[in-house]
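To keep things clear, I will list the structure first and then write my remarks on it.
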């Protein structure tokens, strides 16, 4: 029996194995959660798209650090798509999913998380290399930046596909409570890997801040006070992005880790919705941080939005003139 594989079963079968119920209908609270979640996702999509356009349009952002932040916005945009897909395939709709659709639903979230973590790690390494060499921006060639971004997404896609073959279809005792088709051993690996990466990133930033603090005490004139302040401000902005990411994702990762270690005894399903909502909100946080912390980014946002408004007014006027002409 232990060697039997349940490839031909449906999603509902694995939910029953872990005693996780799939609701048969919607209540008022479900509508509120779905409506709020979809609203956050739509705003996150538009906000991160705005960040990507701003970095593309403003030549002052054409440096490796901003390319990586733009890729971070792309990961957040992808996360918005992943959570929108989750919202539209959750609750009673889960019963209608095929095994492949269920795996795709989870893979999209896994890919977005991996891309965000990998981007944060790449930004940390770039900032460490740049600041230690007393520079504001890295001299990394654009081709290398593009290659790095391609590697980030390739790794993310691979990690997103891992659960399709590391699952519990042949070992029902290993099924997760939160994600019934996932292996608990995979959840432990996944959670520990991401939490360990968080620790490494925080350690790198701590070393950078200590270095910058020590440099500010020296009388060396290698960099001007204004240049050093610019470096510190950029570091603070990136650190806020990192802090928001860790705060939003750590509860979910810890919940996954407890589910992997304790299974049903962890009662992780009680906190599942809250963790997902907090993690989803992270996609909306970064554009807000850029708007509050980066003056140039804020100016670019205003310019883009004003240009869109003016174009809309201009098109409306032209349409009105055409209607008048045809009526005459």
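Just so you know, glycine gets a Cβ as well, placed from its N, Cα and C.
Residues annotated as domain 'G-protein coupled receptors family 1 profile' in TrEMBL: 47-290. If you look up TrEMBL, you'll see 31-56, 63-83, 103-125, 145-166, 186-210, 231-254, 274-292 marked as transmembrane segment.
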Counting only residues 6 or more past its boundaries, what in the same chain has a CB within less than 8 Å of a CB in the transmembrane segment (231-254)?
65, 69, 72, 113, 116, 120, 123-124, 127, 131, 136, 191, 194-195, 198, 201-202, 205, 208-209, 212, 223, 271, 274-276, 278-279, 281-282, 285-286, 289-290, 293-294
Look at every Cβ pair spanning the transmembrane segment (63-83) and the transmembrane segment (186-210), keep those 6 or more apart in sequence, and say whether at least 3 of them are under 8 Å.
no
